Amino acid sequence: MANKFVITWDNMQMYTRQLAEQLLPAEQWKGILAVSRGGLVPAAILARELNIRYVDTVCISSYDHDHQRDMTVVKAMEGDGEGFIIIDDLVDSGDTAVKLRQMYPKGKLVTVCAKPAGIDLVDAYVVDIPQDTWIEQPWDMAVTYVDPICKK
């Protein structure tokens, strides 16, 4: 994908706090189910903002940095998801979301970002992303020194 959307750590916190506002009142939730790995950071932020202490993971592998591949469920939580926020960083093609809906039909599936192909599969999200755009997450990047333009 030629187009990129960069999310900084500050943006991730801001977007996830906006998502938390959509999930009030906090007392309705038994816990948070983070989709590993993309949902881990948003889950920590949601846990803080909603004062939720019970956090579990569902581990689904479908990407190698910037390439989608076959989906594998590595670890799953028991139950149908009732009373749980299921959080991932992004809904893209919707393949992971479909799997999560099958596994946890009573959970509230939310993402920080959503692309058009998967948007109808989530209950809440914050940022619209064009389908042809790759998202660079803060945990995949580092701040580095760049020479001034005049030195090139």
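For all residues, glycine too, the Cβ spot is worked out from N, Cα and C.
Listed features, source Swiss-Prot:
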BINDING   Arg37, Gly38, Arg69, Asp88, Asp89, Leu90, Val91, Asp92, Ser93, Gly94, Asp95, Thr96  5-phospho-alpha-D-ribose 1-diphosphate binding site
BINDING   Arg69, Asp92, Ser93, Gly94, Asp95, Thr96, Trp134, Ile135  GMP binding site
BINDING   Asp89  Mg(2+) binding site
BINDING   Asp92, Ile135  guanine binding site
BINDING   Asp92, Ile135  xanthine binding site
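All features noted in Swiss-Prot, drawn onto the structure.
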| residue | record | DSSP class |
| --- | --- | --- |
| Arg37 | 5-phospho-alpha-D-ribose 1-diphosphate binding site | coil |
| Asp89 | 5-phospho-alpha-D-ribose 1-diphosphate binding site | strand |
| Gly94 | GMP binding site | coil |
| Trp134 | GMP binding site | strand |
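Counting Cβ atoms from all protein chains shown, Gly94 (GMP binding site) has 18 others lying within 10 Å of its own Cβ. Looking only at other Cβ atoms within 10 Å, the busiest spot among the binding-site residues Arg37, Val91 turns out to be Val91. Neighbour list (Asp89 (5-phospho-alpha-D-ribose 1-diphosphate binding site), Cβ cut-off 8 Å, at least 6 residues apart, same chain): Val35, Gly38, Gly39, Val41, Pro42, Thr111, Val112, Cys113, Ile135, Gln137. Cα of Val91 (5-phospho-alpha-D-ribose 1-diphosphate binding site) to Cα of Trp134 (GMP binding site): a distance of 12 Å. When the alpha carbons of Asp95 (5-phospho-alpha-D-ribose 1-diphosphate binding site) and Trp134 (GMP binding site) are compared, the span between them is 16 angstrom. Of all the binding-site residues listed here (Ser93, Thr96), the one with the fewest other CB atoms within 10 A of its own CB is Ser93. Summary: among the binding-site residues (Asp92, Asp95, Trp134, Ile135), the fewest other C-beta atoms within 10 A of the C-beta are counted at Trp134.
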